[in-house]
Amino acid sequence: MMKKKSTSASRASLILFLCQMISALEVPLDLSQPPTITQQSPKDYIIDPRENIVIQCEAKGKPPPSFSWTRNGTHFDIDKDAQVTMKPNSGTLVINIMNGGKAEAYEGVYQCTARNERGAAISNNIVIRPSRSPLWTKEKIEPNQVREGDSLVLHCRPPVGLPPPIIFWMDNAFQRLPQSERVSQGLNGDLYFSNVQPEDTREDYICYARFNHTQTIQQKQPISVKVLSMDSLNDTIAANLSDTDIYGAKPVTERQPILLTPTGSTSNKVELRGNVLLLECIAAGLPTPVIRWIKEGGELPANRTFFENFKKTLKIIDVSEADSGNYKCIARNILGSTHHVISVTVKAAPYWITAPRNLVLSPGEDGTLICRANGNPKPHISWLTNGVPIAIAPEDPSRKVDGDTIIFSDVQERSSAVYQCNASNEYGYLLANAFVNVLAEPPRILTPANKLYQVIANNPALLDCAYFGSPKPEIEWFKGVKGSILRGNGYVFHDNGTLEIPVAQKDSAGTYTCVARNELGNMQNEVRLEVKDPTMIIKQPEYKVIQRAGQVSFECTIKHDPTLIPTVIWLKDHGELPDDERFLVGKDNLTIMNVTDKDDGTYTCIINTTLDSVSASAVLTVVAAPPTPAIIYARPNPPFDLELTGQLERSIELSWIPGDENNSPITNFVIEYEDGLHEPGVWHYQTEVPGTQTTVQLKLSPYVNYSFRVIAVNEIGRSQPSESSEQYLTKAANPDENPSNVQGIGSEPDNLVITWESLKGFQSNGPGLQYRVSWRQKDFDDEWTSVIVANVSKYIVSGTPTFVPYEIKVQALNDLGYAPEPSEVIGHSGEDLPMVAPGNVQVHVLNSTLAKVHWDPVPLKTVRGHLQGYKVYYWKVQSLSRRSRRHVEKKILTFRGNKTFGMLPGLEPYSSYKLNVRVVNGKGEGPASPDKVFKTPEGVPSSPSFLKITNPTLDSLTLEWGSPTHPNGVLTSYILKFQPINNTHELGPLIEIRIPANESSLILKNLNYSTRYKFYFNAQTSVGAGSQITEEAVTIMDEAGILRPAVGAGKGYSETLFATSPVMHTVRPTFYKVQPLYPRIRNVTTAAAETYANISWEYEGPDHANFYVEYGVAGSKEDWKKEIVNGSRSFFVLKGLTPGTAYKVRVGAEGLSGFKSSEDVFETGPAMASRQVDIATQGWFIGLMCAVALLILILLIVCFIRRNKGGKYPVKEKEDAHADPEIQPMKEDDGTFGEYRSLESDAEDHKPLKKGSRTPSDRTVKKEDSDDSLVDYGEGVNGQFNEDGSFIGQYSGKKEKEPAEGNESSEAPSPVNAMNSFV
C-alpha cells in the first residue's frame, strides 16, 4: 500500500500562485501609496465583560498612516480617557476593564480611519456589545401528572443572553436525558413527549443553558413528571368504590397525530442567503408518529439537505433564493396523518459581485473602479472618497461617477485617493476600500535574483517573476543565455508574471530569464530550474504473521534523486513508534525484537525529501502459535521503474526492476509496445527475454510514438502489466516494405480490379502514406501505366479487353519518398460467358443404373475466362415398362478442370434419358450441347408392394399381393416360398410355387390346422428375381379347440387365430390386412386399491417391444385412455382412479402391427378388488351380515315401543337425580331446560337418525345433524352403542361452580359479566 504526496504538494503551490495572480497589483512599500486597512475587528463584536476590550485596526501606506476613531458617529478622543490606549504604530485600541473599567460603559459603534497625504481608508462600523448570561427567573414549578399515552411539553424558557445560550436537558447526576422519536428537544429548548410511558416518571428533568462566551452554565429548577398508568388508575378507583360498583379506567387509547409545534396549518419563515435554514415539526400521537418532509412543487436540494432530531428538523445549509417555497411536514401513524406547510422566503444581505480593486496608474492614463453587489432587496450603492461622501468631497476633473462605476481619465498625481464603496439594504451592508495611486515608475522585479526552483519530474513547475511598474510592464520569458522568447507550446503565462511548465521533464531544467518592460525602462532577472527524479519505494513492507517472542523485520528500500537527501520515518498505527529498545530502525528496515501482542498493528514507512514524500504500509499480526508453514505460490508482481536509454533512430534499450516472484521463479519477461500515434490504447507483442534478464535492446520502426510495458511470467501465470514507460517518437523515413497480397481480378468483362492489403500504421514509416499502382498488358511491350492513390486498398482499371493477362505492381510511398521497387504479379481482366458448347457428345450405357458420357473440349479462347470445368445436365424422359411420362427433374453433375468424360450413377433401369453438356468459367455457364438420348436396360424388380393373408380356415389361407413399385422391366412371374414353424420356433421343409405375373391372389389348401407358416414372396424379370417380402400366418384349430373371438376380433388382435389350405385358385380380393400372429399378450391380471391398480401380463414375441396400457370406465362410451409403459416391463401402475368404480383395461404393443390383449375388468375400493369379490360371494360372510341386520332391527323395535310408553333411558334418570339447582328453565311453557332436554321434550324425537351421520372429529355436533344428538349429554363424546344397541356412555352433569353453558351456544360473555367477574 504505497501513497505518493509530491503531486498534492505541487498542486498546493500552483493554487498559491494562482491566488497571487488574481490579487491586485501590490505596490512596494518604499513607494508612495494611500493607506490600506489590513486588519480590523468583526462588525458584530461581542466581548467578555471580565476582560480588556481590544478593537483592532491595522493599516499600511507610504508615508505610514495615522489613525483616528469615531464612537457612535462622533470623534472619540482617546487622550481624554485614561482607560483607553492605542498601540504604537497601530490603530488598535485597548480599553482597560480589568483595572476598574466597566464594559457596559464602552458599548457603541466604533469606526477607524487610517490617513496619510495620499488619502484616507476607513474600517467597518464595529458594534461593541458585552456578553450577558443572566440567571433564571424564579418561578413555581408544579409537578406534572399525565396519563399514560398522552402528550407532554416541558418548557425550558431560558433567560435571554448575548449570544443566545445552548440548551440541553440532564438529570441530577448530570447525565443527558435519552432522546428518541418519542421524546426530543425542540429548537426553542422545550422537551416534547409525543406520548408518555410509565418509564418517563422521574423528578429530575432539568433544563441547562450554557453561555459559551462567558463559559457559564445556568440551571433551571427540576421538573417532576408522574405518569399514571392504567393499572394504577384502576387501583385508585377500586379503593374509592364499593364492591358492587362497576368501574374501570379506559385502556390506553391510540390517537392519530396532532402537531405540538408549529401550531395551525401554515406558518412563515424568513432566512438570509448563505445561512442555515432550520424547519421543525414535532407531533403527538400514539403510536409515535413518523415525520416526513417534502417541498411542494420541487425537490429538496441534494447535498445540502440534512435531517436532524429523528427527522423532526429539516436542515438546509447555504440557502439561496432558489430555496424559497413551501415546505410541508407530514406526521403519520397507523391511525392517520396531519401536516403543516411552512412558507420560506430567502432574503439576502448585500454580497459582492465585483468588489472594487486598487488602481495603480501612471500620469495621463485612464482607469475604472467598479463596485457591484447584489441582495434581496437589491442594495443601494454609495461612494465615498477618503471617508467623505463623494457628493461633498472636493471636485476632481479626472473622475466621473456613473452609478456603481467611477471612470478616471487623464489622471494626475493629485488624483491619488482612497475610495469607499458602500452597498446596503435592510439586512446589512458591505464596505470596501480601493485606492487610486498615480505613480510614474520604471519596472522593477521583486523576485530575488538567481532564485533556484526545484521540482519533481512530471509535475508542474512555477517560476515566479513578481514585478511592479507604472505604467504596468509587459513580461517576457527566455530560456538560456541566448534563447528565443518562449511562446505557448507547453508553457502557461500568468498575469502576475509567473511562468508555468505544466509537466516538467528532465530537459526542462536550466536558466530562465524574466524581462519586464514599460515606457520608462526595463529590468530582467534570472532564475534556475532543476528537475529531480521522483522518490520511489522499490521494496515495500509486506504483511507479516509472527508468533509471540519472535522477531520480525519490515523492509522499505527506496530509490531517489542523488541530489536529494531523504529522511525515513516509521509510524505505528499512524502514530510514533513506541519508545522501546526492542524497535530497531535501520537504513532501509524496521526490526522488532521479542514481539508481543501489543506490537500488533499497521506499520508505515514515510520517506520525505524537500520536494516529495512517499509512504507504504504493512500489517503485523501476532499469533499465539506458529502458523502452519505453507508456501503460497502466486503469479509474480508486475515489474516497475521502466527506463529507456540509448535512444537511436531504429533501436532503444529498455530496463526494468522485477517485482516479487511470489515463491515461483520468473521464467521470462514479455515486452509489449503501444503506438500512441497510430493505435493508441492497443498493445502489441514486441519480444520476450529470459527471467534472469532485466534489459533488452529493442528494434524500432520509424514514425512510431513508442511506449513499452513489461509482463513477468512464472509457472503460475502472467503478472499484471507494468506501468508504461515514457514515450519515444522515432523519426520518419521512407517505407521499408510494399503492400502484400496484390491481386488483379476483373469484376466486369471490361475492367481490372487491383486490390492489396494496406500497410499498418507503424509500417508507413512517416506521414502522407499513399500507393503507386502500375499495370500493363502481359506479353506486350507497352509502357507501364501508373496512378498514385490515397491510403486505400483497391483501384479499378476500366476499358480493358475481356480476360487478358496483366502485369501489376503496387508501391508504397510517403512524404519522405518511395518504398523499394515492388515485385510484379499477374492478374486478369474481367471474364464473360463462354461462347461455344462442347461437341461430339457420346453416351455409353454400362449397366441398368450407370452410364459414361464423353465430349470434346471447347477451345480455350472461346471460354473467355478461367476454365472451371463442365456441367452435365441429365433427366429421365419416361419409363419403358409403363410408357407414361412424368414431371421432368433435371440432375446436374459438375466435373472440375479440363475433364472430357464422366460417369452418371443412380439411373433407373429400363428408362429413356436425355442429357447435354456445358462449359463453365468464373462468370457462369456457356450454351448447352444438343440433347443426347440414351436408354437403360432392364433390371431386377423391387419387392411386391404388399402381401396380405386372409380367410383362414382349418386347412387353407388366402394370399393377396400388389405388384412391385419399380418393376425395372417386364415381370415374368412371382415366386412364393413357405414353410411351417413348430412350437419351438424351428422351421420345416421349404415349398416353392411359381405364379404367373398377371395374378394378384391365391388360395393355399391342404395345410395343417393350428399351424404357423412363414411365407417368402418376390417378383421376377428376365434379368432375375427381386427382393422378397415375408409374412407369417396360422391356420385355425379344429371345432373342439376354437376360441371365442376376443373383443375387437377382425381388427387384428393377437388372440384371433387364422387358418389355411393348399388348393390354389383366384378369389376376389378383400380389404383386411392379415397380421403376423407370432407375438401375443395374455394373462392380463389386475390388483386394485382405492385410487390405483397394478396391471401385469405375459408376453410372447420379439424382444424390445414397447407396451402401452389402455383403460376406461366399464360400460362407458368414452375414448380409451392410454398410458405408455417405460422400457419392456410386463407390469404397470394406473394412478388417479376413482374409488368404487369399475374399469376396463387392455394391453398393447407399439410397432407390432398394433395388436392388443383381450379386455379385463376390475373395480376400485378400499381393498383389492379381487379379494372383495371373493369375500362377498362366501356363504359365511352373507350369513353373518344377515344376523347383524336382524339384531339391529329388533333393537330398533324395542326402543320405539319404550319411547311410546314414556320410558326414559338411564341417562335421563341420572340427569333427574343430579339436576343443577342453578339451572333456570328457559322455556317454562313447555317444560324444557336451557342446557338439558329429555328425549320426550324434543320436537325432533320421532325423526330417525340420518343414515351415515357421524360425530365430527372436533367432538362437536353440527346443528343441522340433530338437536337430539347423544353427544349433547355429558362433557365428553365417548358415548357409544353397545352390541345390543344401548347407550353405554357415562353421563355427568356440570360442576356447580362452573358457569352454565347455553344450548349449542359459543358466544363470548357480555361486557357486564366480564366486569362482574373482574370485581
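In case you wondered, yes, glycine gets a Cβ from its N, Cα and C as well.
Within the model, the domain 'Ig-like' (35-123) shows a mean pLDDT value of 92, rounded to a whole number. The domain 'Ig-like' annotation in TrEMBL covers 35-123 (among others).
Across the domain 'Ig-like' (130-224), DSSP helix (H, G, I), strand (E, B) and coil residues number 3 helix, 38 strand, 54 coil. What TrEMBL records for 130-224 (among others) is domain 'Ig-like'.
For 257-347 (among others), the entry in TrEMBL reads domain 'Ig-like'.
Among the features that TrEMBL reports, domain 'Ig-like' is placed at 350-437 (among others).
Here TrEMBL flags 443-530 (among others) as domain 'Ig-like'. Across the domain 'Ig-like' (443-530), the DSSP tally of helix, strand and coil residues reads 3 helix, 47 strand, 38 coil.
Residues or ranges marked as domain 'Ig-like' in TrEMBL: 534-621 (among others).
The domain 'Fibronectin type-III' feature in TrEMBL is assigned to 638-733 (among others). For the domain 'Fibronectin type-III' (638-733), the DSSP-based tally of helix, strand and coil residues reads 0 helix, 50 strand, 46 coil.
The domain 'Fibronectin type-III' annotation in TrEMBL covers 738-832 (among others).
Residues annotated as domain 'Fibronectin type-III' in TrEMBL: 837-939 (among others).
Annotated domain 'Fibronectin type-III' per TrEMBL: 943-1039 (among others), in sequence order. The domain 'Fibronectin type-III' (943-1039): residue composition by secondary structure is 1 helix, 54 strand, 42 coil, according to DSSP.
Look at TrEMBL and you will find 1075-1167 (among others) tagged as domain 'Fibronectin type-III'.
Taken from TrEMBL, the feature transmembrane segment covers 1180-1201.
Look at TrEMBL and you will find 1210-1230 (among others) tagged as compositional bias 'Basic and acidic residues'.
Sequence annotations record features per position, and here TrEMBL assigns compositional bias 'Basic and acidic residues' to 1237-1247 (among others).
As annotated by TrEMBL, compositional bias 'Basic and acidic residues' applies to 1256-1265 (among others).
Mapped onto DSSP classes, the domain 'Ig-like' (534-621) shows 3 helix, 47 strand, 38 coil. Between the domain 'Ig-like' (35-123) and the domain 'Ig-like' (350-437) there are at least 3 Cβ pairs closer than 8 Å, counting only pairs 6 or more residues apart in sequence, which means the two stretches are in contact.
Residue counts for the domain 'Fibronectin type-III' (738-832) by DSSP state, with H, G and I taken as helix and E and B as strand, are 4 helix, 47 strand, 44 coil. Note on the domain 'Ig-like' (35-123): DSSP counts are 7 helix, 46 strand, 36 coil. As a summary of secondary structure, the domain 'Fibronectin type-III' (837-939) carries 4 helix, 56 strand, 43 coil according to DSSP.
Broken down by DSSP into helix, strand and coil, the domain 'Ig-like' (350-437) contains 3 helix, 52 strand, 33 coil.
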